[in-house]
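Undergrad: In case it's useful when we look at the structure, here is the feature table from Swiss-Prot:
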type    : residues                                 : note
BINDING : K28, 78-79, 108-109, K112, H114, 134-142 : 5-phospho-alpha-D-ribose 1-diphosphate binding site
BINDING : F36, F37, T138, R166                     : orotate binding site
Amino acid sequence: MAALRYKADFLKASIDGGVLKFGSFELKSKRISPYFFNAGDFYRADLLQAISTAYAKCIIEAHKSGQLDFDIVFGPAYKGIPLATAATDKLAQLDPETYGKICYSFDRKEAKDHGEGGNIVGAPLKGKRILIVDDVITAGTAKREAIAKIEKEGGIVAGIVVALDRMEKLPAADGDDSKPGPSAMVSSARSTAIPIFAILTLDDIIEGMRGLASPEDVKKTEEYRAKYKATD
């Protein structure tokens, strides 16, 4: 696999652990996908180690390349919460000198009106550079909501890291999927002017799944990419 080692390790763990499944899955877009990735299935300790390592190494790679600088790792409720906390812990393990004092925060779905109150749990966001960690970008709606919450608290969104870029074009308004179009990830990056990084792309999956999945699953995934791949 031409991808970096951590990407290959993450892909293998995802397939072996049943987090990345092959078959027939109806998406929110009503498309029938031959694969499905569910970051919520990283609930076993060894799988959590795999995903936290992948997030941390992707973040370090972006940071060292000068594309990303941040103070706080933020996990949007609900799936983003364990991802952000695990990634923060792994960053400190891998490079304590650089990331030992990095903080994390997450939001509540509903504001708390007693105790410490508010919408945010963890480090205060005001005046800080915030890195959002989440599973995927579909339509970008959830990310825009997270950005709005962070900005309301006075934080500055520095970047977004997701586990998977499906690289597929957004559904056409008129339902004609033969038309070219941008991906959700690129569309979100353009509309927000915030850099977005992905651990894996669909290209990575197809390149790396050979030998880990059946030839029929590889063929169906390649056909899906050919039909729905974004033109950005």
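The backbone N, Cα and C atoms fix where each Cβ goes, and this holds for glycine too.
Note that the structure is a prediction, hence the values are computed from the model and not measured.
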Undergrad: Neighbour count, 10 Å Cβ-Cβ cut-off, for K28 (5-phospho-alpha-D-ribose 1-diphosphate binding site): what number do you get?
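TA: Excluding its own Cβ, K28 (5-phospho-alpha-D-ribose 1-diphosphate binding site) sees 8 Cβ atoms within 10 Å.
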Undergrad: Near D135 (5-phospho-alpha-D-ribose 1-diphosphate binding site), meaning Cα within 10 Å, which of F36, F37, R166 (binding-site residues)?
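TA: Checking each Cα against D135 (5-phospho-alpha-D-ribose 1-diphosphate binding site), the hits are F37.
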Undergrad: Mind checking which of K79, K109, R166 has the fewest other CB atoms within 10 A of its CB? They're the binding-site residues.
TA: K109
Undergrad: Taking each of F36, F37, R166 in turn, which of these binding-site residues have a Cα lying within 10 angstroms of the Cα of I137 (5-phospho-alpha-D-ribose 1-diphosphate binding site)?
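TA: Neighbours among binding-site residues, in sequence order: R166.
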Undergrad: Taking just the CA atoms, what is the gap between K109 (5-phospho-alpha-D-ribose 1-diphosphate binding site) and F37 (orotate binding site) in Å?
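TA: Each residue's Cα considered, K109 (5-phospho-alpha-D-ribose 1-diphosphate binding site) and F37 (orotate binding site) end up 23 Å apart.
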Undergrad: In whole Å, how far is F37 (orotate binding site) from K79 (5-phospho-alpha-D-ribose 1-diphosphate binding site) when you measure between their Cα atoms?
TA: 13
Undergrad: How big is the Cα-to-Cα gap, in Å, between F36 (orotate binding site) and K28 (5-phospho-alpha-D-ribose 1-diphosphate binding site)?
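TA: K28 (5-phospho-alpha-D-ribose 1-diphosphate binding site) has its Cα 12 Å from the Cα of F36 (orotate binding site).
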Undergrad: Around I137 (5-phospho-alpha-D-ribose 1-diphosphate binding site), how many other C-beta atoms are within 10 angstroms of its C-beta?
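TA: For I137 (5-phospho-alpha-D-ribose 1-diphosphate binding site), the 10 Å Cβ neighbour count is 23.
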Undergrad: Counting only residues 6+ away in sequence within the same chain, which have a CB under 8 Å from the CB of F37 (orotate binding site)?
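TA: Counting only residues 6 or more apart in sequence, the Cβ neighbours of F37 (orotate binding site) under 8 Å are S14, V19, L20, K21, D135, V136, A163, L164.
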Undergrad: From the Cα of K28 (5-phospho-alpha-D-ribose 1-diphosphate binding site) across to the Cα of R166 (orotate binding site), what is the distance in angstrom?
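TA: Cα-Cα distance, R166 (orotate binding site) to K28 (5-phospho-alpha-D-ribose 1-diphosphate binding site): 13 Å.
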